[in-house]
Structures are given as C-alpha cells and as structure tokens.
Amino acid sequence: MALGQLQHLEALFITSGWLSARCESFNTKNARAIANRTKFRQDTNLYALDTFVVTPMSKPGMCGAREQDEQQTIAEARGISSFSQLVNPFGLFVHCFVSHFWGHKFTSTVTALDLWADSNYDKLTSEKEALVYWICLFALNQHDVAEEVGENPQQGPFNAALAQATGGAVMVLDEEVKPFSRIWCLFEASRLKDLQRPFELICSEGSLSQPENGGHKAVSTKMLETTCQALWNVSTAKAQSSVAKDKYQIWGETADESIRGAIKGVGAERWFGSMLLQPDAVVFSNFDRYMKSLLSTTVLKVLMARGDFAPAATCCLQGADVSSEQLTKICNSFAAETERRAWLNSMLLQASNLSTAKLLLEKGADVEAAQTDGVTALMLAAQGGHEAVAQLLLQHSADVAAARNDGATALMYAALGGHEAVAQLLLQHGADVAAASNNGFTALMLAAQGGHEAVAQLLLQHGADVAAASNDGWTALMFAAKGGHVAVAQLLLQHGADVAAAQDDGDTALMWAAENGHEAVAQLLLQHSADVAAARNDAFTALMCAAVGGHEAVAQLLLQHGADVAAASNDGWTALMCAAKGGHVAVAQLLLQHGADVAAASNDGVTDLMIAALGGHEAVAQLLLQHGADVAAARNDGWTALMFAAKGGHLAVAQLLLQHGADVAAASNNGFTALMCAAVGGHEAVAQLLLQHGADVAAASNNGFTALMCAAVGGHEAVARLLLQHGADAVAQLLLQHGADVAAARNDGVTALMLAALGGQEEVAKMLLQHGADVKAAANNGATAVMFARANSHEAVARLLREHGGGQNWFRRWLFG
C-alpha cells in the first residue's frame, strides 16, 4: 500500500469518525461479552479496520464500508482477495516492510510512517505519497490467513516481503512498545539481520534509531525510556501470538541450536505443547540475546548522541554492537570504580567479538568474574562457539575446570551447542571429559542430545564413558534415540553403548525412538538386539509408545520383530487403546491386522471404542465397530461410548454409535444419561440428535438432576460463562421445546432456575421464566433463586428475578428462616 493510499483510508474511515462509531456501537451491543472477556473491545486500530473495512470490502457484495465510500474510491471486489489486490491489482514494488502491533491506533501508525517517509522517500521514490509499505493486514488475504502464511515462517510471504523491500524495514512502536512482546514482530526483526536489510525503530513522535540530526524528528525522553525498558525485558518465551500454531513454529525456529534437533525430531507443536509449563528463557537464550542486541544497537546511537551514558551502558549489556570509541566513552562515564569494574566484567561475560574482549581485558575486566549462577565468560564463549574469545580467555588464565552452580562446565556448553573447535580447544587445555553436572549429565550426553556427531566422536576419542548414566538413568544413547540422531546412535553403539540400559522409570532407548517416531534409530537398536518386549515400570512397551504418537512405520517395525500386540500396562491399557486415544487410524488398523483385541478393557472398564468416542475420532470408532467393538459396553461406573461422545459434543461419533444400536436411554451407575452429558457441555446438536432418537427429557439422575438442570447449572461463574459460549442456553431452549419440566427439583429441592441463578446465566433464567418457572420456589434449606444469584454477585440475574416477583423480603427470609 502506498503512503497516499494509507492516508486516504485514514481520512475516509478514521478522521470522518465512521470507524469510531462502528466501534462504539459494537462495544455497546457486546458490553456483557466484553466484560466477561468472551469478546474484545473494538478501537480504531488495525483489528477494527480488518473487521469493518478490510475483510468485508475484499469480498463481493455491499457492506457498511462501501456505503461510507460514496465516491467509490475503492474498487468493488469481484472475488475474495487481499485488500492490496483490490486497490493495486497490478501490484507495487515494496519500498519498506512494516512490523507492527495490530492494537496500535491506525492514525498513529500512519503518522509514524509519514514521518519516516519525510526523511527517506527521496532515496526510494520521486514522491513521498508514492512510497510503498508492506503491511500484513492489507497484503495478506484475511479470508484465508493460514493458507497465506504457510507452514514455515521462513518461507512465507513475510520473508519474501522482507527480502524484496529495497528500503529495509521499520518497526512501529506504540506507547506501550507492544511489538517487543509479539512473536511475529521479533521474528521479522531477526530475519532482517539475516537478510542484511536496514532496520529502524519508529513511532508517531519520530525515529528511535537515528540521532536528532539530518532531518530526523526527536522523540521524547519518556518514549525512549519506555522503549529501553521494554527492550531489556524482551522474552521469546513470553511473546504472544494470535495463533498458537504460529507461536510454536517460530519457537521451533528460534530455540537454541542445542535443543533444535530434539524439537525437530518430534515437531515444534508437539514438543512445546507437551511441556507442562511455559518454556523458560533458557530455551531461547541465544535468540533473546540476539534480539536484544539487534534492537539495542538501533537505540544505542541515539543515547550516545544525547549523552545518556547510563542507559547506553545498559544497552551494551543487552548486546548492542558497541565500537571501541563508544565503549571508552561509557567506561569513562562511571563515577565509581566499583561500578566501572562491574560493568566491564558483565560486558566480558557476553563478549562474542575478539577485539571487544581484548579491549575489556585491557581496561581491567576480570577473566574469572562469574554471574550469580556461576556462569563464567569462558562458559558463555563456549556456548556461543566463539573460539577466538575462548582462546583469549584461556591465554589470560581462565579456569577450564570451573563449574556453574549446577555443575555444568564450559566443555558441556560447547558439546551442547555442537561447537567442535571450542571443545577441542578446551580439551587441549585440560577440560575433564568425565565431569558431570549435579544431575549427572556429561558432555557426551549433551552432544548426543543435540545430535552433534563430530563433538561426540571427539569426546569419545578423549575417553568419554559411553555407559555413564545421569542420576535418573539417562544415557547418551537414550538422548540420541529420543532426538532421532541415527549417526550419533551408531557411533555410541560402535563404542559399546548398552542398548538394554533403562532409566529409573524403565524407559529404554528403543522406547524413546518409538515414542518420537524415529524409525531409522529404532531399526538400528533392534539390529543391536534391543528387547522389543521390554516394559517400563508401569508396563508400557515400545509398541505402546509408538501407538501413542501414531507412528505407523515404527509400530510395523516392532511388530515384525515380535512385539506383543496384546500386552497391557499396569492400568490395563493396550497399544490399541493408545492409538484410539490419539485418533491414529492407520496404527489402529495395523494393530487389528496383527490380532489386537477390540474387546479388551482397562482396569476401570474403558474400551478402545470409549476412548475413540471421548476424543471424537470418528474414523477410529468406525474401524473398531467394523471389527466388532461392543457399542453397549460400559465402564465400571456405567458410562458408555455414547455418553463419552455426548460429553465431548462429538456429533458424528454419536450418530455413528446410534446407527450401530447404542442405547440412548442407558444410564450410568449414578443415573446420568447421554442427554445429560450433552446438556452439561451445552452441545445443542448432540442433544437434538439424542432427542430425535428418543432420549427421555424427564429422566433424572440418582440425586434428582435432569437434563434441563444440567443445561442450567454452571457452578462457578467461569464455567457458566463457558457453557453460554458453547450454547448451553440453546440446549435449555431445545429441552423446553421437548417438554422438559421447568418445575422439577433435585432431591435437595434445587430447581433449574436456582442453578441458572447460581451460575449467573441470565439467558437461561429468562427462558425458564418464560416457561413458567416458579421464581418464589425454595430449596429444602429455604434458599430461593434470587438468593442464589445475590450470594454469587450475579446482580443482573437477581434484578431479572425481582422483576418477575422474586426477592420480596429475601434478606429477612434468609436471616430468620
């Protein structure tokens, strides 16, 4: 989009007040949903521009934005496309890529781009208004963003635009510097350096990357301080993305090289998705350092030009590329010698440049200085593969045997990163190849984890123990197997690695290869007599591990080597159950072909069919039924496959089970039916299906719960809100239409209206009242619906109930009985 076109959009939709009015109307209409955080407040930013302008105008038909464009300045869409294709059908050469936060007001974004154009357009085009910016909102087809972006961030349209932008790129910062916390913005900035494109930080006040000369407008001190603070807190682990899949893909691309091999072995989404907690900064330490360096460098020259040496010194600690002249000026700016020396030591710890490291040592940096966790400059040089810096530090008597607080040494850092030259250097200076960290990890294990064959070979040549195990039993071979590093595994086996070794929990190398789908490694291990029947402490086998991950080729290999398809874990789970849980139809088919028992049940009575039904895996359920799975089988507590399908809202599976004779009236031991399961989850379509097949709307559980109560109940407010989002109100309406008794009460006297009030479900309460619910009815303990609402601070529901005659003297009634 040319700058002039962006300014036209601003005038047409923003300055005119049109978009603001649309946002205000939306916010008023959706006030409750916004308060409940089920919808987001609209403002005159790129999100609203997409919702009300870009998406509706880039498809055929009339819309509010077209009515606003009375002069028809924007061409009518003849098909679905990007907005840029609509206004620039023949395309434009991109001058500048724009990295930005969609929540930034559009006017502020345009102002920032206009200021940048003032200083740069004459180098790129003849007229300022003709300067072309690449902005994803307009450049991508918002009707199919996933397809546009693609599977690999480095091969998508963002990357192509970055490479082709003749003027480089700008990152537009808002008042809160949000781009520093957005995963795509960080990734875009990193690609700029890889592609060696110019990069500048800008805002509506001017440039934060250029000194206040040469026509650049000065930014306020406050904005510069805010930017610096945000910069120093950059964290890839905490960066946000509107699409979780994008975040996983970029995390996979930006994780430290030492663990990237392990991530690629199983796939980024699975690797990160399996983590119990948010990944910490350690996973992205190199990328975070790189990003802080890149962004700090753009800010450093502004700070130096202003003489702001204190924040400039901090920028250097964040990795800014600093010249010897700048370093000397900052070094001389410290009033106290202790502060100067502390800064020099901190700078040495992160030095990756030989000349900078030399200068720091000349000015008094201590080669033995360490961080609070015990990390030394030599360790960090080894981690980064900075051989020349490591050599310099060793020449200045750096301790090659020094260990971090957790026992990690410089050699381990080099091994984990796959830095053969640094590892060789450290070994030549006496590094202990047998040293282990506090958890028992050795350099060889870390080299195997990263799949670094050359480093592993070097360590073995220097006497590394191939049989060494960590505190919990991990060996180098297990690490290689888990990551799918066949060359490293082959090397370790040639040096006598024990293929039968097991961790404390019983996991073997073969199990790790099977779980992660590494067929070549599994084949290698089996050739070296790995026991295909070995089981973990919980009796899980390699075949079960392969089935969990849906790895058909590995499962086939294991079966060919005699794996027992009928083996069961301690809780009674079989490989077929594992395949059913993941919806892996090919593996399930393979196991059935090899005699897997479709009727087998776990210790608590769960069958393969129930597992498939709960997960909504229609194809697996169909396969199991074709092989004779019992649709009427029940878990020990009476739950059937149909109940599980209803609980999950899996319409297709429920339909399939009913076609195969599932009993719609079956009840669990506590009297719960499939219809109640659907009602609890607000699954309207499943409830409709069950009712069509004769489900009893009046059936009650052992404690008196009916399906209508299940639809009304939400328990806690957050759960109630979730039910409303997923159609619990529609289910209640459906049940009422089928004759549900609005006056029915549980054994304790609680009615559907009371449960709706308890959960703050106003729409359900309205429906119940419209169908004659007694607003004055009281439970066995005397509590009324309005009391339930007030007790949980649901004032809107309480007000509704009072309007229908409830609540008179409710406080007195509650107080005196």
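Backbone N, Cα and C define each Cβ position, glycine as well.
Unlike curated records, TrEMBL annotations are generated automatically.
As written in TrEMBL, here are the features:
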{"type": "REPEAT", "residues": "373-405", "note": "repeat 'ANK'"}
{"type": "REPEAT", "residues": "406-438", "note": "repeat 'ANK'"}
{"type": "REPEAT", "residues": "439-471", "note": "repeat 'ANK'"}
{"type": "REPEAT", "residues": "472-504", "note": "repeat 'ANK'"}
{"type": "REPEAT", "residues": "505-537", "note": "repeat 'ANK'"}
{"type": "REPEAT", "residues": "538-570", "note": "repeat 'ANK'"}
{"type": "REPEAT", "residues": "571-603", "note": "repeat 'ANK'"}
{"type": "REPEAT", "residues": "604-636", "note": "repeat 'ANK'"}
{"type": "REPEAT", "residues": "637-669", "note": "repeat 'ANK'"}
{"type": "REPEAT", "residues": "670-702", "note": "repeat 'ANK'"}
{"type": "REPEAT", "residues": "703-729", "note": "repeat 'ANK'"}
{"type": "REPEAT", "residues": "748-780", "note": "repeat 'ANK'"}
For the repeat 'ANK' (373-405), residues assigned helix / strand / coil by DSSP:
17 helix, 2 strand, 14 coil
Determine which residues of the chain contact the repeat 'ANK' (406-438) at the Cβ level, with the cut-off under 8 Å and only residues 6 or more beyond its ends counted.
256-258, 373-374, 376, 378-387, 390-391, 394, 400, 444, 446-447, 449-452, 454-456, 458-459, 462-465, 468, 470
Same-chain residues near the repeat 'ANK' (505-537), Cβ under 8 Å, at least 6 residues beyond its ends:
265-266, 472-473, 475, 477-478, 480-486, 489-490, 493, 499, 543, 545-546, 548-551, 553-555, 557-558, 561-564, 567
Intrachain neighbours beyond the repeat 'ANK' (439-471), with Cβ under 8 angstroms and 6 or more residues off its ends:
257-262, 406-409, 411-412, 414-420, 423-424, 427, 433, 477, 479-480, 482-485, 487-489, 491-492, 495-498, 501
If you average pLDDT over the repeat 'ANK' (472-504), what do you get?
97
Which numbers of helix, strand and coil residues does DSSP report for the repeat 'ANK' (406-438)?
17 helix, 2 strand, 14 coil
Summarise the repeat 'ANK' (604-636) as counts of helix, strand and coil residues per DSSP.
17 helix, 2 strand, 14 coil
